[in-house]
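TrEMBL has this to say about the protein:
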type     : residues : note
TRANSMEM : 6-25     : transmembrane segment
TRANSMEM : 46-63    : transmembrane segment
TRANSMEM : 69-88    : transmembrane segment
TRANSMEM : 93-112   : transmembrane segment
TRANSMEM : 124-143  : transmembrane segment
TRANSMEM : 155-177  : transmembrane segment
TRANSMEM : 183-205  : transmembrane segment
Amino acid sequence: MVFNKEIARFAVGVIGNIISLILFLSPLPTFNRIWKKKSVEQFSPFPYLATFVNCGLWVLYGIPLVHPHSILVVTINGTGLGIEVVYLMLMKIFLIIIGEIIFLGSLALLVLTLVQTHKKRSTIVGSICMVGNILMYASPLAVMKLVIRSKSVEFMPFFLSLFSFLNGVSWTAYALIRLDAFILVPNSMGTALGLAQLLLYGMYYKSTKRQNAERQAQVEMGPKGVGLVG
């Protein structure tokens, strides 16, 4: 029975890795737009800053010196850490990136030198990871507020919301197979927040299309208006 649970946990973890990778890559259209326009417009850097810290914390949590037998936690969060660095460099917030790296390095040094047992290390780092993961999932709340105020989902990428939801579901299942409260609590909250984003997307998708069409019409009419005045 234990062996079967381990197989199931590993399989769900692999699925979680795949979904998480897609989640990390889902903002690519957004950053392609930023690259082309040379402007971040109203896209918020906070979700990516929170994700960067979150990935770093989970890499620390998953290493054998802190929480053994968590290789799948390390692989995906190590990958995500590299991807988020690229995103944040495109947003040109270098000082904040350096500050977060110093924080992660200091935490790792303190935990590995001052705390002697796996259980204590897991508890300390896991507790901080829970906070970081909740911040990552909650970081789009500012964007959700913008969506409600503007009745537009233009600056809340659909695939980011979708895969945030699926990511929460997969890691919640992973944590339930062999109970890990540090993974379970934030990812169950992430599932709820991801679902809320999808509901908002469904509510304001049509109004966004209407606003974009009106804006495009104004752009197309602009030169004609100038011609008539001339």
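From the backbone N, Cα and C atoms, a Cβ is placed for every residue, glycine too.
Bear in mind that TrEMBL entries carry predicted annotations, made automatically and left uncurated.
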Contact between the transmembrane segment (69-88) and the transmembrane segment (155-177) (at least 3 Cβ pairs under 8 Å, separation 6+): no
Cβ-Cβ under 8 Å with the transmembrane segment (46-63): same-chain residues at least 6 beyond its ends: 24, 27, 70-74, 77-78, 80-81, 84-85, 87-88, 91, 93, 96-97, 100-101, 103-104, 107-108, 111, 122, 125-126, 128-129, 132-133, 135-136, 138-140, 142-143, 160, 182
Feature contact check the transmembrane segment (183-205) with the transmembrane segment (6-25), CB under 8 Å, 3 or more pairs: no
Cβ contacts under 8 Å made by the transmembrane segment (93-112) with residues that lie 6+ beyond its boundaries: 45, 49, 52-53, 56-57, 60, 65-66, 85, 121, 124-125, 128
